[in-house]
Amino acid sequence: MPLVVLQPSRLMWTRLAALVFTCVAFSVASHGGSLPDGMGDWCVFCWAFSFAGTVLVLLVELLGLQSRAPVSWTNFPITFACYAALLCLSASIIFPLYFVKGSRNQEMRDHRIASTVFSCLATLAYLVEVSLARARPGEVAGYMATVPGLLKVCETFVASVIFVFISDPVSYNSHAALKWCMAVYCICFVISAAIVVLCVGECTGCLPFPFARFLSAYALLAVAMYLTATIIWPVFKFDNSHSGSSSRPDFCRGGPGLCYWDKWVAVAVLTALNFLIYLADLAYSARLVFVTA
């Protein structure tokens with residue numbers, strides 16, 4: 001029977017704090033927030049998923065089951081913490097935008113404000129966990145604990161948000177150039193997600209080519225592809241000469257995040273953001289391959 005291994009550390013206390021904050025966030029929102037379907041469900045999912053994953057990580061480490069885990073324990077906890085930080089960050093932005101603003105019932109508003117505060121605290125706790133767990137210069141660690149590994153997580157998350165905005169309503173069918181942008185998002189997302197899965201599953205040694213050089217070559221390709229999408233998307237969506245719309249329609253001025261035009265702008269911003277992330281990934285990956293070699 002496994003013994004509980006209790007070794008208090010800053011990392012453990014940070015995880016416990018994230019556990020408490022996410023639990024309070026989704027409990028308060030579910031109990032007194034009176035959330036409608038849609039974005040409310042997404043926010044609760046972000047908090048509940050982060051809570052459940054943190055419970056799993058704490059149990060495995062407290063019971064000393066790292067060697068029996070079916071994944072690489074040098075890569076999984078920090079990968080999960082990074083995803084949890086991004087999920088809680090998205091909930092911290094979406095929740096007050098959709099549910100705190102304009103809420104007239106004072107009790108309901110108080111519950112929603114409390115959930116927002118604890119969501120922000122959970123985001124901070126997960127960011128601290130990532131900072132504590134990431135690899136330091138000269139330290140031997142898993143790939144996901146390095147800067148390029150953490151950037152892979154950000155790349156897949158930003159691409160997922162792009163998919164949400166670009167598919168409701170479908171915004172890429174009006175021109176072949178926009179379909180190319182969609183292809184860029186899909187190809188880069190699939191490869192980055194595959195890299196994360198391979199690292200967490202400790203399967204990189206099964207590849208028929210050097211993994212480090214593949215990462216550098218892929219980063220270069222992704223930068224080139226995202227550069228084209230960063231230029232093409234705003235040109236064909238906001239330039240009148242290409243059947244775009246250069247100004248926000250009047251019926252879109254009622255509220256943020258509700259109009260198709262706002263979603264087009266969000267896709268343009270997120271595309272540029274992911275381009276910068278891939279550019280940083282390329283710089284770190286090239287340094288990892290050529291400088292260390």
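Any Cβ shown, glycine's included, is placed from N, Cα and C.
Copied over from TrEMBL:
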DOMAIN    6-138  domain 'MARVEL'
TRANSMEM  42-64  transmembrane segment
TRANSMEM  76-99  transmembrane segment
TRANSMEM  111-128  transmembrane segment
TRANSMEM  140-165  transmembrane segment
DOMAIN    143-290  domain 'MARVEL'
TRANSMEM  177-200  transmembrane segment
TRANSMEM  212-236  transmembrane segment
TRANSMEM  264-284  transmembrane segment
* **Recorded stretch that, among 140-165, 177-200, 212-236, has the most CB pairs under 8 Å to the transmembrane segment (264-284)** => 140-165
* **Number of helical, extended and coil residues in the domain 'MARVEL' (143-290), per DSSP** => 117 helix, 1 strand, 30 coil
* Average model confidence [pLDDT] within the domain 'MARVEL' (143-290) -> 84
* To do: Using DSSP, break the domain 'MARVEL' (6-138) down into helix, strand and coil residues and give each count.
  => 103 helix, 0 strand, 30 coil
